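A.B. asks: One structure coming up, written as structure tokens, with questions to follow.
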Amino acid sequence: MNLSAFLLISRKKVKELETFSESKSRRWKNKEHTYKSFINYQFGAFQELRAALESMKHELLMTKRSYSKEFNYLGVKLKVLAEAAENYHAVLTENRKLYNEVQDLKGNIRVYCRIRPFLQGQSKKHTTIEYVGDDGELIVTNPLKQGKESRRLFKFNKVFSPATTQEEVFVDTRPLIRSVLDGYNVCIFAYGQTGSGKTYTMSGPNVLSKGDWGVNYRAVHDLFQISQSRRNSIYYEVSVQMVEIYNEQVRDLLSTGGSQKRLGIWNTAQPNGLAVPGASMHPVKSMTDVLEFMNIGLMNRATGATALNERSSRSHSVLTVHVRGTDSKTNALLRSSLHLVDLAGSERVDRSEATGERLREAQHINKSLSALGDVISALAQKSSHVPYRNSKLTQLLQSSLGGQAKTLMFVQLNPDVASYSETVSTLKFAERVSGVELGTARSNKEGKDVRELMDQVAYLKDTIARKDEEIERLQLLKANVNGAKRGLSSLCYDSSSPRRHSIGISKQSQGQSRARGSGFGEKAADMDNCSKYSDENSEAGSHQSMDDFRNRKQLSLPSKLSGRDSSQNLTEDIELVGFGDVDSEERLSDISDGGLSMGTETDGSICSVVEYTLFPEVAKPAETTPPNSTTADAIQAESTEGPSVSSKLPKAPLVFAKAGVDKIFSFVIEQ
Ligand SMILES: Nc1ncnc2c1ncn2[C@@H]1O[C@H](COP(=O)(O)OP(=O)(O)OP(=O)(O)O)[C@@H](O)[C@H]1O
């Protein structure tokens with residue numbers, strides 16, 4: 001029974017185990033199914049991934065190929081760029097060189113003439129400007145005078161009519177500003193009588209209006225613009241100095257200390273390129289900085305009153321912009337400076353009715369302007385000696401005048417007929433400084449010989465004109481001595497005139513003058529002669545001392561005067577050749593300096609080189625002097641008939657001993 005009970009239990013257990021095993025087997029089968037379907041799914045996904053991988057691999061390969069292709073292409077391009085960059089500096093340098101060569105071809109000394117319009121209230125009927133040509137020709141006329149004497153022709157690089165705007169004036173100045181950034185020293189200045197528009201041209205009437213800006217502001221503005229455009233290749237540093245020259249004393253206009261100490265000028269160029277190291281130097285980063293300094297400078301500038309202009313500036317103001325450029329590739333340094341000069345008025349001492357302190361100012365101004373004219377004239381004639389040391393102004397500007405430097409002069413004219421004599425004297429000054437240097441193109445065109453001869457002919461004509469003027473003056477002197485009481489004496493003769501003392505016409509020569517004067521009849525001198533005379537008197541005040549003159553003369557004349565009674569003939573020759581006047585002193589100094597003066601003064605029948613070229617005179621037949629006529633008669637004949645070539649030429653050998661007079665004769669006669 002126990003066994004059968006145990007068997008029953010065992011059977012029950014077996015049954016239970018069978019049931020359990022069955023359910024387990026079913027569960028496993030389910031699981032197996034699930035796994036199988038999962039594996040199938042995974043496999044499908046894997047297949048998909050594999051396909052995607054393959055396509056990506058392919059794509060990558062393609063991209064890699066195109067990338068390497070582009071990379072190679074870029075490499076080629078980069079190489080070209082690298083080569084271009086390599087050449088950039090060379091091209092830039094070449095470009096600059098060519099640009100400056102073009103500037104050089106235009107001439108390193110340029111003279112632009114600007115005519116001021118009539119101001120409100122001025123009568124436009126009586127203008128002295130008759131013709132303004134596009135090619136730089138200018139004819140001035142005296143409407144109150146008749147005849148040949150009243151018209152004069154001048155020629156400059158450019159003439160700006162009264163209607164020319166500030167912008168138009170600057171267009172022709174702009175190329176020089178680029179030259180400053182290329183390492184050239186540039187000097188721009190305005191010359192003219194008081195009220196002729198110097199400040200208008202250089203600074204402009206209103207600094208707040210850009211359209212009114214004068215050359216100064218426009219130049220500095222351009223300077224900054226160009227330096228910005230070049231900043232990748234050259235790093236520029238700009239600083240400014242502003243000084244004034246007043247009564248031959250240099251003063252800092254931008255001094256912050258308040259004390260206006262006098263400054264010294266270095267005669268030899270300093271390593272840092274500064275002519276006035278004592279003047280304060282202010283680094284500037286922008287146009288605004290410059291405007292600020294310029295305003296301070298203008299406020300500090302000395303002004304005084306004259307009869308011609310209430311607030312006439314009686315000093316020269318010089319704004320110097322120093323530029324230092326560092327080449328970003330080579331680290332090479334370039335240094336240059338731009339001098340912007342507003343000169344004091346050039347009116348004559350007598351006309352400005354100045355006395356005392358004003359007279360002293362005017363004499364200083366005349367002296368320095370005359371020295372400036374001498375320097376530029378010497379440079380234009382490529383003279384071996386350039387008299388920089390004769391004034392503070394020329395010492396200060398030395399680095400910007402001559403050599404590689406470029407100079408631009410604005411000649412300012414007042415068209416009013418009352419200013420006719422000043423206008424002519426301004427134009428004569430300008431013509432003297434611009435006479436020769438009209439550019440290489442011009443000098444290529446004319447052979448050296450021809451030009452030399454032209455110079456000599458012009459000089460001879462000038463000498464003849466001087467002689468005629470001298471005779472006229474002597475006639476006037478005679479009229480005065482004879483008691484011609486027209487109140488002219490006081491106007492014509494300035495007892496303080498340095499010239500009367502310095503030239504010192506000897507009694508003997510005065511006697512001769514009288515003899516000559518008597519041949520003219522008793523024609524009373526007109527006001528023009530009178531002002532001309534006093535002009536020259538006052539002009540003399542600005543020239544070198546008589547000692548200087550005598551020294552030079554002794555150097556150049558003895559050999560020419562050999563065999564003659566020197567004390568007598570010297571005076572005579574000075575007079576006859578026209579050396580008794582101021583301009584001739586300059587000429588003498590020019591000659592002793594080793595160069596010939598162009599002597600381009602025009603005077604009615606006497607033409608400048610330019611006039612001569614434009615309107616060649618027909619040679620007049622030689623004057624035939626009756627055998628028994630006196631010297632005075634002969635001179636009278638010369639004077640009344642105009643400059644007869646043959647009757648005046650015999651004086652020439654004094655000056656042109658080595659110049660081949662025969663050549664000159666034949667050339668003159670040919671012309
Ligand atoms: N081109 C011009 N257009 C209009 N007005 C002008 C021109 N040039 C000069 N003026 C006017 O003429 C007057 C005198 O000019 P400015 O003061 O420039 O002469 P200046 O030669 O500098 O005299 P100073 O020797 O006294 O300095 C001013 O009223 C000025 O505005």
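Cβ atoms here come from the backbone N, Cα and C positions, even for glycine.
Marked as domain 'Kinesin motor' by TrEMBL: 108-436. Under the heading ATP binding site, TrEMBL lists Gly192, Gln193, Thr194, Gly195, Ser196, Gly197, Lys198, Thr199. The region 'Disordered' feature in TrEMBL is assigned to 492-547, 620-647. The compositional bias 'Low complexity' feature in TrEMBL is assigned to 503-513. As annotated by TrEMBL, compositional bias 'Polar residues' applies to 625-647.
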A.B. asks: CB neighbours of Thr194 (ATP binding site) within 10 A?
C.D. replies: 25
A.B. asks: So how many other Cβ atoms are close to Gly195 (ATP binding site), meaning within 10 Å of its Cβ?
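C.D. replies: So the number of other Cβ atoms within 10 Å of Gly195 (ATP binding site) is 23.
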A.B. asks: Residues near the ATP site, Gly192, Gln193, Thr194, Gly195, Ser196, Gly197, Lys198, Thr199 excluded, by Cβ within 8 Å of the Cβ center?
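C.D. replies: The surrounding set, listed in chain order, is Arg116, Ala190, Tyr200, Gly345, Gln412, Asn414.
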A.B. asks: So which of the binding-site residues is most packed in, judged by how many other Cβ atoms lie within 10 Å of its Cβ, out of Gly192, Gly197?
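C.D. replies: Ranked by Cβ atoms within 10 Å, first place goes to Gly192.
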A.B. asks: Looking only at the domain 'Kinesin motor' (108-436), report the model's average pLDDT.
C.D. replies: 81
A.B. asks: Taking every protein chain in this structure into account, which of the binding-site residues Gln193, Ser196, Thr199 has the most other Cβ atoms within 10 Å of its Cβ?
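C.D. replies: Going through Gln193, Ser196, Thr199 one by one, the largest Cβ count within 10 Å is at Ser196.
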A.B. asks: Are there any residues at least 6 positions away along the chain from Lys198 (ATP binding site) with a Cβ closer than 8 Å to its Cβ? List them or say none.
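C.D. replies: Listed in sequence order, they are Ala190, Tyr191, Gly192, Asp342, Leu343, Gly345, Phe410, Gln412.
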A.B. asks: Among Gln193, Ser196, Thr199, the binding-site residues in the record, which have a C-beta under 6 A from ligand 1?
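C.D. replies: Ser196, Thr199, by Cβ distance under 6 Å.
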A.B. asks: DSSP secondary structure for Gly192 (ATP binding site), reduced to helix/strand/coil, please.
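C.D. replies: Note: Gly192 (ATP binding site) is coil by DSSP, not helix or strand.
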